[in-house]
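As given in TrEMBL:
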DOMAIN    155-316  domain 'Calcineurin-like phosphoesterase'
TRANSMEM  6-31  transmembrane segment
TRANSMEM  43-62  transmembrane segment
TRANSMEM  74-98  transmembrane segment
TRANSMEM  110-130  transmembrane segment
Amino acid sequence: MTSFMYYIALFIVLLLIVLFGGHYFLYFSVVRFFAISGILKKVLLVSIVFLSVSFIFALLLAQLNEGFLVKVFYFISSFWLSFLFYFILAAAAVWLIFWAGKIFDLNVNFSFWAVIFFISAFSVSLYGIWNAFNLQVRDITVDIPNLPSVWENKRIVQISDLHLGLIYREALMKNLVEKINFIKPEIVVITGDLFDSMDGQFDFLPEWLNKIQAEKGIYFVTGNHETYLGVNEVFSVLEKTKITVLRDEVVDLDGLKLIGIDYPDRSENKDVIAVLNSLRKDFFNQPNILLYHSPVFINQFKEAGINLQLSGHTHGGQIFPMNLIAKFIYKGYSYGFHQIGDYALYATSGAGTWGPTMRIGTHSEIVVITIK
């Protein structure tokens, strides 16, 4: 077994453990709160067992077939994950009330509080699903030292983390193209995870990417999901478009240096900083923008002379409270604009989602960057 397959197998096992645990907790809680018994309890147990494996099963099926029924099954399992997370939080909240009642000797109607919290969880989840598809445009302005006059007040559009596959397809691309072409940017940059990690039918994609209008071009760097899908398959799709793929290289755009670094494949031991330093002679002390999928290596990139780093990857945490956890893991750089001297970072929350098709506490976005 290759190291990559080992990680995939380990991921599936851990995900199954989490899903089984979460579903069993929900099942146990619902049975307890509503005093369910008899045949209804058995039906609920069978349903919970099926739902606990549905997302993994849908992922595996999608690798083999993308027929209508598979797509419907994948949609249902993905949307169920959206509800599951907040149903579990609702159940946990009711158990807190239960133990508070025990401690303070209170007479608590668990069924009443369970109904309140589960209805709230259902409502929040519905909002989160709607919010995931409500694509917003975020505007920021960035000062880049020694910027050539030809670039003064020009606009760059950044898109990231579309996760095109079974859920995000033509509708998202149509929305993106319309918004981007209305903005009329100088360049468009795609900072990874354009594709999801499953084998998708991407025949629709080149046509839509070629509809994007950007005077000085469209530039792309890989993300982790491109490495899962396979970069060769990704490039076989992109070679049918006008996109320029930047693979550990620098391009000169009228005096502005655009740097693109590949996301490391799990099978390689890539030293990203060494790659950047090998390119340093081509951008040092010149106005530059770095495209790198993940908002990491902040201090190293700053010391290397990067003016603006554009990243994605984190989805901003995607759902509460994961947005707070992501902020902690990425040391405050999981989302938004950050300025440190002549170095700046924008980490976008991205245009798509992964796992639960929902956003709570974050937004799907494209970013318009005006440089000065």
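Every residue gets a Cβ built from N, Cα and C, even glycine.
Long-range neighbours of the transmembrane segment (43-62) within the same chain, counting only residues 6 or more positions beyond its ends whose Cβ lies under 8 Å from a Cβ of the stretch, are 12, 15-16, 19-20, 22-24, 26-27, 30-31, 36, 70, 73-74, 76-78, 80-81, 84, 165-166, 198-199. Residues belonging to the domain 'Calcineurin-like phosphoesterase' (155-316) score a mean pLDDT of 94 in the model.
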